[in-house]
Amino acid sequence: MIRTMMNAKIHRARVTESNLNYVGSITIDSDILEAVDILPNEKVAIVNNNNGARFETYVIAGERGSGKICLNGAASRLVEVGDVVIIMTYAQLNEEEIKHHAPKVAVMNEDNVIIEMIHEKENTIVL
């Protein structure tokens, strides 16, 4: 059986920009992407902690060290600059792969700097 499991999470990032006139997507600082192994053009699910919106888009790599989290195109209507978001990817794994799978989680501070990396296992609580 194949199951869809969380693969990576950027936890509590702050939206730094919103660009309605760009052709869709989310731009994320390349350093953050590398830390959690998210690739450009990869599909992501986004949860806005401020308003409860949940949506999907794809990733564009942003400038390294910028802390940039910019929602582009239609998705920009679902956020405000300063909103706290969770950005996740999923992977389809078989039962054997699941036994050895540990999602990468980057916990962010208010400036979108990684303050903790968690290789998530069962029952991990991230506040």
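Any Cβ shown, glycine's included, is placed from N, Cα and C.
What Swiss-Prot records for this protein:
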type: ACT_SITE; residues: S25; note: active site, schiff-base intermediate with substrate
type: ACT_SITE; residues: Y58; note: active site, proton donor
type: BINDING; residues: T57, G73, A74, A75; note: substrate binding site
type: MOD_RES; residues: S25; note: pyruvic acid (Ser)
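This view paints the features noted in Swiss-Prot onto the structure.
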residue: S25; record: active site, schiff-base intermediate with substrate; Cβ neighbours (10 Å): 20
residue: T57; record: substrate binding site; Cβ neighbours (10 Å): 19
residue: Y58; record: active site, proton donor; Cβ neighbours (10 Å): 14
residue: G73; record: substrate binding site; Cβ neighbours (10 Å): 16
residue: A74; record: substrate binding site; Cβ neighbours (10 Å): 12
residue: A75; record: substrate binding site; Cβ neighbours (10 Å): 22
Q | Rounded distance in angstrom between the Cα atoms of G73 (substrate binding site) and S25 (active site, schiff-base intermediate with substrate) | A | 7
Q: Between the Cα atoms of S25 (active site, schiff-base intermediate with substrate) and Y58 (active site, proton donor), find the distance and write it as a whole number of Å.
A: 5
Q: Please report the DSSP secondary structure of the residue listed as 'active site, schiff-base intermediate with substrate', reduced to three states.
A: coil
Q | C-alpha spacing of Y58 (active site, proton donor) relative to A75 (substrate binding site), in angstrom | A | 11
Q | CB-centroid shell, 8 A cutoff, substrate site T57, G73, A74, A75, site residues removed | A | G24, S25, I26, F55, L71, N72, S76, R77, L78
Q: Please report how many Å separate the Cα atom of the residue listed as 'active site, proton donor' from that of A74 (substrate binding site), as a whole number.
A: 12
Q. Substrate site residues T57, G73, A74, A75: biggest Cα-Cα distance, Å?
A. 10
